[in-house]
């Protein structure tokens, strides 16, 4: 009889997982996304890392929209090289619009050559423009439509973090992206603020 209960338990676990659709095409994004309201400074509070070398902490992004409505971004943060050399580096991104105003193609590159470069999907999953934003990118799809290599940022307008009610909403969005418990917190300790004493690239 024990094996029967084991099968019942496995079936229950399987049905629980089946309730969440982890295909990238099923993920919802921000309705009627407004680039102009999104522009400005955002501080990365948490990050789900992709494969490759990217900014690791003290990440501050600046989004801007030009007179033609084209969005671009710059980001600065700390990177650790060779396991013991910390430097502050910059990345640049330009965005191409798609039919959905919250979904872009983002071409990005590091000002320093050792950083990753690419042309990824860049989706704004949710934002209230004034407090928080959740960004998502899938770089490689599995055959079943789920994501094999993704990254995601939780941004805040306030470098000191997000209020509790917003944190709860963000956790819900992370679960909807099938990325629950896969984020790490981003430290903001001013490492890249003092340009006179830090390594800059």
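Note that the numbers count up from 1, one per residue, in the order the chain is shown.
The backbone N, Cα and C atoms fix where each Cβ goes, glycine too.
According to Swiss-Prot, the feature substrate binding site maps to 116. Within 10 Å of the Cβ of residue 116 (substrate binding site) there are 16 other Cβ atoms, across all protein chains.
The disulfide bond annotation in Swiss-Prot covers 22-178 (among others). In sequence order, 146, 147, 178 make up the list of same-chain residues 6 or more apart from residue 22 (disulfide bond) whose Cβ falls under 8 Å from its Cβ.
Annotated disulfide bond per Swiss-Prot: 88-192 (among others), in sequence order, evidence recorded as similarity to another entry.
Taking a C-beta cut-off of under 8 Å and a sequence gap of six or more, residue 138 (disulfide bond) has these contacts in its own chain: 24, 120, 121, 147, 149, 150. According to Swiss-Prot, the feature disulfide bond maps to 138-147 (among others), an assignment based on similarity to another entry.
Residues near residue 139 (omega-N-methylarginine) in space but far in sequence (CB under 8 A, at least 6 apart, same chain), listed by position: 50, 51, 118, 120, 121, 147, 149, 150, 151. The omega-N-methylarginine annotation in Swiss-Prot covers 139.
Swiss-Prot lists 1-18 with the feature signal peptide.
In the three-state DSSP reading, residue 192 (disulfide bond) counts as coil. Residue pair residue 116 (substrate binding site) / residue 88 (disulfide bond) shows a Cα separation of 15 Å. The most densely surrounded of the disulfide-bonded residues 147, 178, 192, judged by C-beta neighbours within 10 angstroms, is 192.
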